[in-house]
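Q: Please see the structure below; I have some questions.
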Amino acid sequence: MSLLHMAILLPFLYAAALTVMRKPSLRFHTGWIILPIPVLLFVYFISCMASVQAGEELSGSIPWIPSLNIRFTVFLDGLGLLFSLLISGIGSLVVLYSIYYLDRKKEALRNFYVYLLLFMGAMLGVVLADNLIILYGFWEITSISSFLLIAFWHNREKSRYGALKSMLITVLGGLAMLAGFVLFYIMTGTFSLREIINNAGSVNDHTLFLPALVLILLGAFTKSAQFPFHIWLPDAMEAPTPVSAYLHSATMVKAGLYLVARFSPVFAGEALWFWLISVCGIVTLIYGSFQALKQTDLKAILAFSTISQLGLIMSLLGLGSAAAFYTDGSDSVFYAKATMAAIFHLINHAVFKGALFMVVGIVDHETGTRDIRKLGGLLSIMPITFTIAVIGTFSMAGLPPFNGFLSKEMFFTAVLGITELDRFDSQTLLRLFPVLAWVASVFTFGYSMMVVFRTFTGRPQFEQLEKKPHEAPIGLLLSPVVLAALAVVFGLFPNLLSYTLIEPAMAAIHPALLLPGDRFYVSIHMWHGWTPELFMTMGVAVAGMLIYKLHPRLSVLHEPLFRRVSLNLTYDAGIKLLHQGSLRMTNRYMTGSLRHYVIYIFVFLILSLGWGLYHYGAISVNMDRFAPVSLYEIVINLVLILSVIAIPFVNSRMKAIILTGAAGYMVTLFFVIFRAPDLALTQMIVETVSVALFLLCFYHLPKLEKEQTKPRTRIVKLAISAGVGVIMTLVALSASGSKLFESISDYYLRNSYVLAGGKNVVNVILVDFRGFDTMLEIVVLGIASLGVYALIRLNLASDRPEAVRKLDFANRLNKDRLPSNDVILRTVSKVAIFIILVFAVYLFFTGHHHPGGGFIGALMTAAALILLTMAFGMATIREVIPWDFKRLTAVGLLIAILTGAGSFLFDAPFLSHSFGYFNLPLLGKTELATAVLFDLGVYLTVIGITMTIILTIGRDK
Amino acid sequence: MELYMSMSVGVLFMVGVYLILSKSLLRIILGTSLLTHGVHLLLLTMSRLKTGAAPLLGEGANSYVDPLPQALILTSIVISFGVTSLFFVLAYQAYRKLGTDNMDLLRGKEDE
């Protein structure tokens, strides 16, 4: 566990603590207790800067799923540091801003900050992870926390729509990325990023290499809102503005850029990589900037602006990868300058766009609207906000002396430079890059001017606003002021960043270009002389101003691009289609008829077992090992088969019960024949108790009626049941006729007495070898008995149909009113009960060595009690045995569990039993086993359960 | 013997499934009982029959029948008693509340 791990886990732990904390008092804003976290992280990452600059790599590793080769490994290099500083730095400012932005009395602040911390930790995890699976996991957590934050005002329809859209798109990309990672594992045998990068070039010819490339890019493009996956970002603007500033402009949307930068050492040099990224980036740039011109909502303008700026950085990363086409040092360094521009612009964008989002938040907060058609003339009221807005927008437009100017110039250098690339036969296509870049910059200039001047200058129209506007409080201004100041500082002194952040990050993206100990030369200057870039900037300013001035009159900017087709419509239609399609498909087989579901199950059983038997040639009937048959057995068999077959044909409840009971008793006889005394005893008692139960219940049920079914249905029923029957016969024959491996039964036979001190192997298995199973079984039974109790006690009496007859048998049990006058039964049972009870206790105690045990003893006892109830009525039972049988169940379970837990006292695993021989007074040498204690628990539980069931049903009128 | 038992198992399964596929709750419950019997006999048959004495070591026999299926079945018998009684109560309470035990009419509501 290194400090890096701590840095990632800290926000998660804090978020977890926040959820269980007592509701924070309203006296101060929850944000204040969150703020220390990002600040602390920021300070920590700043302190790491020196060592990263010196080329050291901090790392740590914890095994997580060793069997799958997954370790929680993290490392910090230049690229990771750059992003970590962005995450923690912007994070601190955003938390500070949110304290003044979100009302502490009205908003669910705890949820907000929990989600925000989740995001912070996950994002740090993404940029610091070395293991690809870890990276993927954190990547998805960022998607989920973004979903939660967008839907923060979840009672708004649009918030939920935007949240779902962003999650569907980013998670889809995330899954593609995971597939790409898995392909890498198949190719390289490792999930470690650093190992993959160190062995870059070794798998380039693999057939899976290009699929992996495309899949990973899908992840990057969806996350970074590249065309055509950008459609989620404008809808994500439903989130509170601090979230938009943080996730949807400064950090999360840059995760895609991070991924591209991170994988550059592996993929750079691949033509597909170069083309996909550069083209997708430049298209996104121009499309986003054009769309931004058409918006009227300030946040929507910024959203499309973010899309276009992300495209800009993306295309720069693509152009930078051209460096890998050359082996010659000077050419490579020439193209690597694009990468430098990318990193620099990434920082600049986070700074000025963060400031602008906060400005828009302030305007929204103080005026109640973000619609530029309603705004205007705020300059006189909000001078500080205006100043920040000017710095932010001028920087975005690429005007000196702000940081945006520098990176925009570097961008022009890069696109001009790429026209000289001679590796492909596509000079015309490459020449388009400077043209597109220039046009997009003009658009950017235009909307930048719109943001600032349409809001702050012009005719004031305050009467249209919901609130009376005034300057924001100092707390709200603090964060954007810091960012605006940074925009100026980075503009005037860009070299503050060159060797602290930019060079180490470049070294991480282009490791192959550096000899050991070497470093890139990074120097950024405002003035380059009268270069083509400068003339381009001048042109941009002139054309941009023109667009801004003409904007209201350009009708193309006020109508949708295509009326009938748009990506958003496609998305909506796709979602609708998926929803309806799956509904239709589900409705086709989920008919609501349980019978159909049972049919599916049985048909599947027939097919799978049949296929298995056939495919593995398992059908083998080996008659000669079969046991001999006696006439007696054949007769039992015949009785069984006949009574069973007769059941579907009878139309009286009583006949059906009796036939089922007959089948049960025949099975009991089979148990006797097949040397299973315990089973025979159990089955016999259960059968008896069951018949009593059946009789109790049958009177509550309607008469059996002849089923009116269509012939077709009957044929289906017959076919399925016959199929199951045949398959089961085959399974029984094949299994008994062959022996593929040694059974574990011999172990029980050999060790039953040696290890457990019991001679009745079946009982020993139940209470000792498989005691845990038995314990859970009685728990299940206990639940069933409580279910019966609850079902009957449920108040259903209100709407009982007339058809239900009230019945004498139930009443006979319910003897509160009518005393039984069955003299013979009463007289006989007085004696019989005691005999049965004594026998039951005998069966219980003898169970360890002879047939019997807890189950059988308990069932026998219950049978005696039921007889008592039948003869003397419910009231007598309540007098004689004044216990609540549900309590008895609980006591039994408790005894069983305590016996099991007792073995902890002797440092043995749960339910270890022990036995020994003791000389007791009167009884002489006696064996005492803790298993008997456990069996006592079973005994009491089963009595409790059986009596609860029977008495509850009997009491029910 | 295994041959006859296998046929009994088949018949028990067949009738059990047939009853489960019927409309009346009562028949369905009886069907589950028969299926349980079928499973028990199947387990016994699979481990081969009459290969020795009952699994009581006090018998002092040379060979015993397989104790494992017996332990499984014993558990199953008791469990199936609990399950059957729950089924019964569920069935007759449903009948009381809804006035029918016809599975085709017990379908839940459309808006669920």
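Counting starts with 1 at the first residue shown.
Glycine is treated like the rest: Cβ placed from N, Cα and C.
Annotations per TrEMBL:
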- A:65-112: domain 'NADH-Ubiquinone oxidoreductase (complex I) chain 5 N-terminal' (DOMAIN)
- A:112-129: transmembrane segment (TRANSMEM)
- A:129-417: domain 'NADH:quinone oxidoreductase/Mrp antiporter transmembrane' (DOMAIN)
- A:166-188: transmembrane segment (TRANSMEM)
- A:208-233: transmembrane segment (TRANSMEM)
- A:245-265: transmembrane segment (TRANSMEM)
- A:302-326: transmembrane segment (TRANSMEM)
- A:338-363: transmembrane segment (TRANSMEM)
- A:432-453: transmembrane segment (TRANSMEM)
- A:474-493: transmembrane segment (TRANSMEM)
- A:597-617: transmembrane segment (TRANSMEM)
- A:639-703: domain 'MrpA C-terminal/MbhD' (DOMAIN)
- A:656-674: transmembrane segment (TRANSMEM)
- A:680-702: transmembrane segment (TRANSMEM)
- A:712-793: domain 'MrpA C-terminal/MbhE' (DOMAIN)
- A:824-948: domain 'Na+/H+ antiporter MnhB subunit-related protein' (DOMAIN)
- A:931-953: transmembrane segment (TRANSMEM)
Q: Where, among A:208-233, A:245-265, A:302-326, A:338-363, A:432-453, do we find the most CB pairs under 8 A to the transmembrane segment (A:166-188)?
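A: Out of the listed stretches, A:208-233 contacts the transmembrane segment (A:166-188) most.
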Q: State the residues, same chain only, that lie 6 or more residues beyond the ends of the transmembrane segment (A:931-953) and have a CB under 8 A from a CB inside it; answer 'none' if no residue qualifies.
A: 689, 692-693, 696-697, 756-758, 763-764, 766-768, 771, 774-775, 778, 781-782, 784-786, 788-789, 792-793, 844-845, 847-848, 853-855, 857-859, 861-862, 865-866, 869, 874, 877, 885-897, 899-900, 911, 913, 915
Q: Verify whether three or more Cβ pairs under 8 angstroms connect the transmembrane segment (A:208-233) with the transmembrane segment (A:338-363), leaving out any pair fewer than 6 apart in sequence.
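A: Per Cβ check, the transmembrane segment (A:338-363) does not touch the transmembrane segment (A:208-233).
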Q: With Cβ-Cβ distances below 8 Å as the criterion, list the same-chain residues six or more beyond the ends of the transmembrane segment (A:245-265) that contact it, or say none.
A: 79, 83, 86-87, 90-91, 94, 97, 116, 119, 123, 126-127, 139, 142, 146, 149, 177, 193, 197, 200, 216-217, 219-226, 233, 236-237, 239, 277, 302-303, 306, 310, 313-314, 317, 320-321, 339, 342, 346, 349-350, 353-354, 357-358, 361, 505, 508-512
Q: To what whole number does the mean pLDDT across the domain 'NADH-Ubiquinone oxidoreductase (complex I) chain 5 N-terminal' (A:65-112) round?
A: 89
Q: Look at every Cβ pair spanning the transmembrane segment (A:302-326) and the transmembrane segment (A:208-233), keep those 6 or more apart in sequence, and say whether at least 3 of them are under 8 Å.
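A: Answer yes, regions in contact.
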Q: What same-chain residues lie close to the transmembrane segment (A:597-617): Cβ under 8 Å, and 6 or more beyond its ends?
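A: Beyond its ends, the transmembrane segment (A:597-617) has Cβ neighbours at 589, 716, 720-721, 723-724, 727, 730-731, 734.
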Q: What does the DSSP secondary structure composition of the domain 'Na+/H+ antiporter MnhB subunit-related protein' (A:824-948) look like, as residue counts for helix, strand and coil?
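A: Each residue of the domain 'Na+/H+ antiporter MnhB subunit-related protein' (A:824-948) counted once, the result is 91 helix, 12 strand, 22 coil.
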